[in-house]
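If you check TrEMBL, you get these features:
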type	residues	note
ACT_SITE	E155	active site, proton donor
ACT_SITE	E290	active site, nucleophile
DOMAIN	23-356	domain 'GH26'
DOMAIN	452-604	domain 'CBM6'
SIGNAL	1-19	signal peptide
Amino acid sequence: MKKRTTTSAILGVSLAALLGGCGATSKVEPNLDVTSYKRHQFLPPQGKTLMFIGQDIQTIIEFVADTGVQPAAVTAYASADLTGVLNAFPESHGSLDIPAYAEDYPNATLAIGLWLKNTYKKLAEGHPRSVNNVDRLVKHLKGLNRPIMLRIGYEVDGYWNNYHPEEFKAAWKVITAAIAKNDAQNITTVWQIAGYCASMDNSVFTETQNSFKGLDYDAWYPGDEHVDWLGLSYFSQPRDCLSDTAKNAAGGLPIAFGSLSDADEQGNSLALDNIIAYLNAKDKPIFVAEASPKYYWIERGEYKPDADTTVNNLLKVSGEQIWQDWYEPFFDFLERHQQSIRAVSYINMHWESFAGWSCDIKNTRAVKLGLTCKDGIWGDARVQVNPYIKQQFFNRLDNGKYIYRQEDGGFDQLSGWTEASVAITAATAAKSEIAKVVKSSPFHDKPAAIPGRIQAQEYDKGGEGVAYKDSSGINHGANEWGIRFREDELVDIGKDPETESFVVGWTAKGEWLNYSVSVAETGTYTANFRLGHGGKKAGSFKVLLNGERLIEQVNIPATKSWETYQVVSLEEITLTQGEHLLTIEFTASGDYNTPGNIDWFEFVQQ
């Protein structure tokens, strides 16, 4: 997922020797020995390539619905500032929604393109909040307990990113230090260049050569000890990267569709073979982390022979022609280098259905006004919308050289996963054992009275796993909104502007909160909850008393604004006199992958 905004060059800033954390996070040292923790590459069996499907959650859902194939691996995107990590974030280029991937595809290996553009300078400078966010990011990804290929600052050399090399490398090392510190053995790192149409002649800064102001690719390389995989992208059509010989033979660019019959004369074959040779010298596995046929509209059978958005020269083409022109050379490239290329992600997207990628070539007026084609020409790359391409695509994947279905063997066939999983499970079990022997204590040092009202943010003291469970590893309210109430805890606390009271928000399915309570008298009560959700669909929670079900389900109302709340009442709740532990556990999510917010709850005797 590209970000095409170009900014001015950045001056280098030295990395502080010690970067301070904030809140409940301990310090991350960028000079930490990152070889001190067990690292894994999660390689598929020899002779196999792991196929990912990307890159937006909705397009993957449509792929599964239309093909019946549950992918063995999926590609997602997020930002190092935690955007898209904890909750869904709708973006014009595609939704950022790690929680949805985690919930919908629990048995799929996950590749994450981690965008650094808005944070890498702060990381390089040791900005406490940015470093803290990275630490919490790593904790969250570790908790997903699956192989994760983390593409840190993907397409490092892309002119659209404009990464300053020294700051970029410093930021990268902060992230790998956080991985080491947290012993996140399920995370493997990917250093990805743009790669397509690269001539390896970096003397000129051009989009075609994809170098950056004369710098060699190694200018962004943080060092072997910080990198597990190497990556590149594969987008270009064959005519984009012709060798000088082929260009002369063709009489210049562009040339007629389908006129390059010899694969050895195709630009992608020549230019990308050169890139593979460069990457092979680093002796690490290669991930073709983004691949999709640009300039083709598969469903409507059209093709554009050049990148000029001001010229409507679309050609009508068949599925067979598109297959021969782009897909066949693409698969040939993968299989020619299968010893090196161990993973690939195909972006099965209708690019132009997203506002950020839209390009209506036929609307010449909109093009001239800059209302369309802002990020170039992308088209429609969904294989399932053309019967011929769909059949050929899966025929090729079924040739014994790819792992692409979940039933192809799961995580256990990936090298190192069994060991990594055991380590993560053991760490989780140890944390649970600690929680069993440590009891939470009342927020006000004595149990909350029933009958009476209890503020949601006044959950028990005791910390993560004892007084509450938090799945995100970050306090959204403190980190993003400056809320100064229990900011050292991980429970996300916001503020209701109407009442000026604190609320518990950014909730997630599976999270829970404990409250020590004291019931004055055995009897029947009405339970009231002040709740809200900013979407059209909200979630729910259940209420436990001493671990036993008290209220089966409380449905949170979809108030369609995060600043609007409603009181939900349930009658005929039986409580017995004495001290108890009351637990609110979120059981279902609504829009934005969150159940909703809770301000307060109370029990009134009937």
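Numbers here mean position along the shown chain, with the first residue as 1.
The backbone N, Cα and C atoms fix where each Cβ goes, and this holds for glycine too.
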Lowest local Cβ density (other Cβ within 10 Å) among active-site residues: E155, E290: E155
Three-state secondary structure, which DSSP defines for the residue listed as 'active site, proton donor': coil
E290 (active site, nucleophile) versus E155 (active site, proton donor) - Cα distance in angstrom: 10
